[in-house]
Amino acid sequence: MLDAKYVKDNLQQVAEKLATRGYQFDIAEFEAQEQKRKHLQERTQDLQSQRNTISKEIGQKKAKGEDTSDIFAKVNQINEELKIIEKELKDLQDTINQTLLSMPNLPADDVPVGKDENDNVEIRRWGTPREFHPEAPAKDHSDIGEILKMIDFKAAAKVTGSRFMVLKNKIAKLHRALSQFMLDLHTEKHGYEELYVPYLVNNDSLYGTGQLPKFAANLFKLEGDFEYSLIPTAEVPITNLVRDEILDTETLPRYYTAHTPCFRSEAGSYGRDTKGMIRQHQFEKVELVHITTADKGEESLELLTSHAEKVLQKLNLPYRVMKLCTGDMGFSAKKTYDLEVWLPSQNTYREISSCSWCGDFQARRMKARHKNPSMKKPELVHTLNGSGLAVGRTLLAIIENYQQEDGSIMVPDALIKYMGGISVIK
């Protein structure tokens, strides 16, 4: 959530920045609402002052034994008007708050202005994509998995529906090995604290990280008496651990990681990536979250991104780093790097991680602050998050990049010990 005072003091600048994100901010309407709010507040304060004055007068008259019935009538009249105005003020404030909640984060100054993924900027590449012989082109991961009888989309469709999968045998083991490898790397080498978090969250948590109110259609909600939703990403439960907290500055930065399933309805994705494992309703991810101070926010993004990159480097998977443009960033992001892994069957790079610096945008929603003895008052923390990595997409990248002409899959060296010594899947 943007700072309301900053928005009011910089209306034109805010409107221009929001426009680069595809959000049309109606300045005239917002100013009219603000003027009305100020008028109602002033009227409320005026009536409260009148009531206080009359109350003192009542006390004085009672002390003298004088009749106060006419004054009580005035008080009742003021109270009735206050009820009406206070409700009107509350409704108007709710409308203003909903407008603020609907605004995406303002982009950092170095974020390229653009409309969509075509305007993203490549920062760097790592690794060299493998060349396949023209007579033996790269197979798609889903075809390889089905030939090996270790990926079964038909069984998943029978059990549940489309955009689900059943993994079997050594590919299921490889999927498990990947999550263990990622967690070990981040906890043992990068200094993260491992967490086990709920897979169901309440609405306050979803508001805190920015999924609500705008992205309700992307959530799977429980029916019945519980107002819970399945997590779309572990970013939600992890980041909300600091909601309504005042942290000791000395304890920052905090680095958290967790391996969880994620659930997304993929609303708006009809017809995209219908084949294979790229876009699933249920998938697993190792999430990275940083909680830090404002002066360390941007450098923390570089660090978090490097941690996600290290997974790809250890697995020897070619990738590139993209700086997202204003029109392609996530709602809560101030600046984002996407990691895109090479998929030989598609002859292109595809997203495997999105690493974002959210500034104080989420912290303001969550009332997440920090303080030390030298500070006059608590300050908002800065939050960052990224995938380190999406397990399913890493799995399919390994299947495609490590496929052999005989239909087998070589296991990356870094994973052999997690596979119990298995070096080939066939």
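Each Cβ is built from the backbone N, Cα and C atoms, and glycine gets one as well.
If you look up Swiss-Prot, you'll see 36-66 marked as region 'Disordered'.
Per Swiss-Prot, the feature compositional bias 'Polar residues' maps to 46-55. Under 8 Å from some Cβ of the compositional bias 'Polar residues' (46-55) lie the Cβ atoms of residues 71, 74-75, 78-79, 81-82, 85, all in the same chain and six or more residues away from its ends.
According to its DSSP assignment, Glu287 (L-serine binding site) is in a strand. Packing around Glu287 (L-serine binding site) is summarised by its Cβ count: 28 other Cβ atoms lie within 10 angstroms of its Cβ, all protein chains included. The annotation L-serine binding site is assigned in Swiss-Prot to Thr233, Ala234, Glu235, Glu287, Ser387.
For Arg264, Ser265, Glu266, Glu351, Ile352, Ser353, Ser354, the entry in Swiss-Prot reads ATP binding site. Residue environment of Arg264 (ATP binding site) contains 20 other Cβ atoms, counted within 10 Å of its Cβ in all protein chains. According to DSSP, Arg264 (ATP binding site) sits in a coil region rather than a helix or strand.
Thr233 (L-serine binding site) has Arg264 nearby among the binding-site residues Arg264, Ser265, Ser353, Ser354, counting only those with a Cα within 10 angstroms of its own Cα.
Checked against Glu235 (L-serine binding site), the binding-site residues Arg264, Ser265, Glu266 differ in C-alpha distance, with Arg264 being the nearest. Annotation for Glu266 (ATP binding site): same-chain Cβ neighbours under 8 Å, separated by at least 6 residues, are Arg163, Asn218, Arg279, His281. In this structure the C-alpha atoms belonging to Ala234 (L-serine binding site) and Ser353 (ATP binding site) are separated by 13 Å. Pairwise Cα distances among Arg264, Ser265, Glu266, Glu351, Ile352, Ser353, Ser354, which the record gives as the binders of ATP, peak at 19 Å. For the region 'Disordered' (36-66), the number of residues in each DSSP class (helix H, G, I; strand E, B; coil) is 29 helix, 0 strand, 2 coil. If you measure from the Cα atom of Ser265 (ATP binding site) to that of Ser387 (L-serine binding site), you get 19 Å.
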